[in-house]
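What TrEMBL says about this protein:
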ACT_SITE  Ser177  active site, nucleophile
ACT_SITE  Asp341  active site, charge relay system
ACT_SITE  His373  active site, charge relay system
DOMAIN    38-86  domain 'Partial AB-hydrolase lipase'
SIGNAL    1-23  signal peptide
Amino acid sequence: MTEIGWIIVAPVMFITCVQINTASQSEPHYRWTTLDWLEAHNVSHELYNVTTADGYQLQLQRLPRPGARTVLLVHGLLGSSLGWVCLGPDKSLAFQLHQLQYDVWLANLRGASPYGRRHLELTDVMADFWRFSFHEHGTYDLPAIIDRMAEVTGGEQESSGADKEEPPRQVLLIGHSQAFNAFLVLCSMHPRFNQRIQLMQALAPLARLHGQVRFDSAQVRSLMKFVKKRQKSNKFEIFPPGYFRKRCQSKQDQCEYYTKRLAGSAQSNKRLLEAFNYEYLLQGGSAREIQHLQQIWKSGDFIAYDYGPIQNMQVYNGVEALRYNLSQISVPTILYFGETDAIATPEGVHGIYARMMSSVRSVRRIESPKFNHFDFLVSSEVKTLVNDKLIESMEKFLEGKLSYIIE
């Protein structure tokens with residue numbers, strides 16, 4: 001095994017870092033951030049600073065429609081708000097929702113570059129900055145983000161003459177991959193948000209991993225060796241922006257092989273490696289995020305981060321890691337999966353449904369014989385295969401006409 005070893009790409013994919021054809025990277029948009037996309041297309045937008053209870057400072061972006069239904073888009077592991085705009089106005093979900101008169105908000109969770117890299121006391125070159133996983137995303141980031149949204153929209157309601165006692169407007173939540181984990185943590189650790197979220201639509205969701213993903217224990221062990229080596233070298237951020245693009249410059253055939261095997265066959269083989277071209281689409285990530293996912297894979301259950309018996313006693317008041325109480329989650333939920341997704345497999349998504357039957361309203365298969373984890377972000381047909389279906393389901397739900405379908 002080389003120094004690169006096995007690595008992880010959003011959100012839980014194990015892949016050997018190899019090199020890809022970078023000819024297309026001369027195109028400027030591969031280096032654009034979310035704000036570059038919004039400004040290039042002259043899209044009206046607002047920026048809000050959000051400070052979490054533990055001091056992280058996050059940028060919340062908005063494509064405003066004051067008074068309209070509020071939608072929050074949440075990225076997964078190694079992602080940022082870029083994933084919702086990187087295909088431009090004709091295909092990306094954020095633009096499409098805004099064009100349909102929704103009030104669209106884009107979350108950036110801690111660790112996301114460049115919008116989740118600030119803290120009141122820490123910098124992102126310090127080890128303590130990177131001591132987080134999806135537990136902190138759900139416990140601290142999402143509550144702060146949703147409360148900030150309510151503060152802004154509530155102020156707009158008051159200025160328009162609405163009743164000051166009116167409850168906060170409910171949020172329509174859409175998340176990719178590990179965003180679903182953060183949502184589960186949010187609603188189990190802070191039950192009040194079960195009333196604040198009107199609907200959750202989870203694209204390629206994760207929860208329990210063991211026996212429900214298409215990689216094996218040898219690949220997990222190799223990944224953890226890579227993570228530990230990064231830690232020993234004081235490299236606390238696992239994949240800095242541009243890491244994949246810079247390390248993947250040749251050996252395209254090998255990269256295609258591992259991507260197909262470990263992320264799944266793409267909807268279009270021509271775009272199989274598309275996600276690797278973007279500077280900011282797959283980046284960031286803490287060692288603890290990966291270690292937490294490995295613990296879930298090993299335990300076969302959806303548990304909080306396991307510090308070991310001694311520290312668990314201090315954190316959880318017990319020798320074992322906390323098991324999230326999913327029975328507390330009452331938010332209506334729709335799950336979506338791709339047939340060839342090797343991470344959020346059809347079996348894994350149906351496993352989520354089996355544990356959350358009281359809240360899951362529908363399980364939908366993307367209507368393509370091949371559709372993998374990255375296709376939810378970069379498929380050339382994402383508008384028709386994902387976005388249009390998602391919006392249709394959301395509007396039927398709001399009308400009380402959503403059919404109970406398990407595919």
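A Cβ is built for glycine as well, from the same backbone N, Cα and C atoms used for every other residue.
Bear in mind that the values here come from a model prediction, so they are computed numbers and not experimental data.
The 10 Å shell around the Cβ of Ser177 (active site, nucleophile) contains 28 further Cβ atoms across the protein chains shown. Along the domain 'Partial AB-hydrolase lipase' (38-86), the predicted structure has mean pLDDT 96. Cα-Cα distance from Ser177 (active site, nucleophile) to His373 (active site, charge relay system): 8 Å (rounded to the nearest whole number). Per DSSP, the domain 'Partial AB-hydrolase lipase' (38-86) is made up of 7 helix, 19 strand, 23 coil. Asp341 (active site, charge relay system) has a Cβ environment of 28 other Cβ atoms inside 10 Å. Calculated from their C-alpha atoms, the gap between Asp341 (active site, charge relay system) and His373 (active site, charge relay system) amounts to 5 Å.
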